[in-house]
């Protein structure tokens, strides 16, 4: 059997495993194509126009899929192979099956307005094409540009208006180890298109894209609701996420980030009031600055001093920076009515804007130092009070508190209203004592690890792998075998953990059902070397879909011709901007008067500008413990947070910000912000009464004085946080003289309905007052966030809901 024939045979089985190997074959433009019957040869047909199709199913969805395809007129004839059925059906029945097999359709074309009225495109299904890794960059660019047109000619789909014209997404084409190309076909062209691809010399393997990886849309539902159903995972854009629906979309919020560059000609960032081709001429000053205060998406674009604008401005193809920026605030809006186009690459805060600092020319990364002078003040000056940093250092030496950490901490110490969200790192599989790397090891930042993005029971997870074992056959030849359904841990020998007999050595480990409360293998873990809890929190990051930059900024692009392409990347670099974007929603929540009940027009509501400390406290108070989930980076079942793997837990807006019709009706929050504490001072926060219907969690966060990188322990100023119930003495949930975060946790076993709860902040040891200099003269600031089941509020001038008089709505009737 020739190589091409072997691949075609394998592909035929693979296509059957998806939805599309129609045995009768042929495309809609005339019979006689590859896989179809010879022209002019009469053959019998089903009276209803059905065809024989091999259909693969997943155990977790097969019953629903069976019921639906039977309702669509299909007949299920035989079970022919592992999880594969022979079905007599029309194409519409297979489209039903595609939903259950979670085949990824082609994203909407750039001209679509998002409301379904402008362009009607049939569903196109994908195959994954793996190519030889020896291809040059030039060859890969040729493939991306030339193959789709050649394939369209071969399929008779060359017409520009043909809705079944094949499409290609070259997101993975530039991978050095395993370059892949995603190719999309209409159902009737699937088999012929696959056959065409298998005949190409540089194609190693072709297989159907049976399941999509997790993405922004799915991650957004996890972060806004704390859960993810299978239906929502499959159709995440079918409705607005709850905080978006409450008109919390980041309006008026600016978020800063430093990254590899930004494609401002992408649909998620373009503004037709500025011609993209002229933007590079608008940079002024040193460092070069493009300042666009009225741009709908990018307020500012900064370059380092002495950088060449032509070399730096924009992003590389499928760049990291455009992806991160898209995860924060990427959004396209319909040109007719200005409504949000809710697609899979829409960012967390679709109406927020960006202050972007480009740190990557074409040949590497350059981060201007010191950060507290050369980078962060530019974000702050543009109006950003949240920034996102998806960059860092790697290796054992990077597991440290270095100068970059000190600079982040120094800026936050001077500016307590500011918070930087930083990636924890992707060294979770390196086996160090701790793997969170700088600058994620800074104190006054929110360090973010990654979680899985799909619901439990999703059978095609790339993290549910096979067990491998070695054995000797009858000829004493050593062979290896994999058994699907089990999770590969390692190939071992000479170990007490290994089951051994004269013919076989293997490690047996039960399959782990990875869901949203599990951690991927790559997420860096702590605790940090001085004992601090790192990462601070975790959030979805195991393959996130966001904006894909093109090869340079298109000078003539506009909102009708721009690219809306996306790419899937994974890592804590993806978790970080998602958290930053959702913190933008939290900032808007406080600023626009949704506090404290989630109703902006409620008489009790009050708006205020939150500190960066309060936003961090909110994220930690509302974090969801991942108890019972699986740590893929550690190989064990997670316990109760906090720990060095999940930090304080998984980010969850629904546990930190009340919202009608989403959160429990008795769920409340209360804050004390911009507090000041002195050495030995006790501060009492009274006013809360437990309802007994659920837990109460409170977090104290303070921006600590920057540490010396030489210090063995990096905490400088030590505050304590505790509570009192009724008239009992001062109690602490845990003793801590290491972290600049402390949390009080009260379950329904600790408090009963009617119990009075007071919180206590104590300035135990403030060492910054021993130092000299302007920074040492600044006071020690702090913030407290309480979330849970209570009545009342914190009776303190630091709580805007307590100090500002309530508004009363008067209703007048005229007779």
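Numbers here mean position along the shown chain, with the first residue as 1.
Just so it is clear, glycine is given a Cβ too, placed from its N, Cα and C backbone atoms.
The region 'Disordered' annotation in TrEMBL covers 26-46.
The compositional bias 'Gly residues' annotation in TrEMBL covers 27-36.
Residues or ranges marked as domain 'Peptidase S8/S53' in TrEMBL: 250-591. The predicted model assigns the domain 'Peptidase S8/S53' (250-591) a mean pLDDT of 83.
With a 10 A radius on its CB, residue 259 (active site, charge relay system) counts 25 other CB atoms from all the protein chains. The active site, charge relay system annotation in TrEMBL covers 259 (among others).
DSSP classifies residue 320 (active site, charge relay system) as helix under the three-state reduction. All protein chains considered, the CB of residue 320 (active site, charge relay system) has 22 other CB atoms within 10 Å. Taken from TrEMBL, the feature active site, charge relay system covers 320 (among others).
Residues or ranges marked as active site, charge relay system in TrEMBL: 573 (among others). Its Cβ taken as reference, residue 573 (active site, charge relay system) is surrounded by 26 other Cβ atoms within 10 Å in the chains shown.
Residue 259 (active site, charge relay system) and residue 573 (active site, charge relay system) are 10 Å apart (CA-CA, integer value). Distance noted between the C-alpha atoms of residue 320 (active site, charge relay system) and residue 259 (active site, charge relay system) is 7 Å. In this structure, residue 573 (active site, charge relay system) is part of a helix by DSSP.
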